[in-house]
Amino acid sequence: MRVLILGSGVIGVTSAWYLAQAGCEVTVVDRQPAAALETSYANAGQLSFGYTSPWAAPGVPGKAVKWLFEQHAPLSIRPTRDLRQLAWLSQMLRNCTAERYAVNKARMVRMSDYSRDCLNALRAETGIEFEGRQLGTTQLFRTQQQLDAAAQDIEVLAQYGVPYELLSPAQIAQFEPGLAGGGAQMAGALRLPEDQTGDCRLFTQRLAELAAQAGVTFRYGQQIERLEHAGGQVSGVQIDGRMETADRYVLALGSYSADLLLSLGLHLPVYPLKGYSLTIPIVDAQRAPTSTVLDESYKIALTRFDDRIRVGGMAEVAGFDLSLNPRRRATLEMVVNDLFPGGGDLAQAEFWTGLRPATPDGTPVVGATPYANLFLNTGHGTLGWTMACGSGRYLADLMQGRTPEIDTEGLDVFRYLSPRSARAQREAA
């Protein structure tokens, strides 16, 4: 089976790896000169198998109004003229109920938990190195209100058997001794011992090398322009002005996936959620994090690589703008100075931004479509690195006609389509 994968971020490359391992003839196409040069380039670096939550949560609508007036707000909305932004925000607000939050979080935890097992198996099989650590995540709560609000998340963790531990303020430094050098006061913390860390770009590029050795063809620097369809199937992809065909197609273009689907009449509610990061050289390892620390107040993660600290987070709903906002840099610097002062050289930090492909309910879109030979692997939001291996393996099983190892409920695009709508799109094709 010939498979054409569109996109060479961590999602596209893991898809290519698992499909090649299943015996498919795989080609990956991307506009960039190498793998992982867009959203996968400098994300926060945490593999948050336990810390998996949708942005659409109870209380967020009220908080969003308050955040409009805060300098260091974790979420900001900058209106554009794109009507899709308004539609996406409307759908997100409808998912901010306790009932929807529980459903969405359970789906996300299901995929994240599976992805951890897939990544661990991949590491054991290939020996791939990506400055990874398996030392867990410490989620910091600055207020008792934040700690109390974590009860619902803890219920889901218990439901899925995800190990966790609640820490008192005095216990936090046992896992992150560098925090003792900061002046921040904490009400407590949630410890997720099975979470991991690692450089997503390094992982993706090294897995691309392994995939190439396994027979995958990577074609970089090529513009993916349009999908064509006929008879209920995709009939080809226009790449650099030339139509190319395959037996099956995988769309893994992150935030740009939705635009490409418009020519098929398929409206995918994936919208860019802009995030920022700083990559900071370590100057004092004793004052740096040992793994991943999550600051619940600012929704910022601080992650340890070998000799660097990656500080990442925030979410701007601002369309496809990739400009660097200096106020966001100030927020990242404020948090790292508050928690780990003196650990890194901020003057030498690399400031970066990327567009995470977010769905309004937080769950990715992985699986089949109304077009028989088109599959999607996108919409992972802030958790693409976390869910990449599980999504890739899950998709490969679906495309090979094998029964996936996890429940498929609610993971594909059909959750957004009524049966009548899906049938009409098939017939129109």
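Cβ from N, Cα, C; glycine included.
Positions annotated as FAD binding site by Swiss-Prot, on the basis of sequence analysis: 3-17. Secondary structure at VAL13 (FAD binding site), as computed by DSSP, is helix.
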Which residues, sitting 6 or more apart from VAL13 (FAD binding site) on the same chain, put a CB under 8 Å from its CB? VAL28, ALA35, ALA36, THR204, LEU207, ALA208, ALA211
Across the binding-site residues (VAL3, ILE11), the Cβ with the fewest other Cβ atoms inside 10 Å is that of VAL3
Nonlocal neighbours by CB distance (under 8 Å) for SER15 (FAD binding site), same chain, sequence gap 6 or more: ILE5, VAL250, ALA252, ASN377, SER391, GLY392, LEU395, ALA396
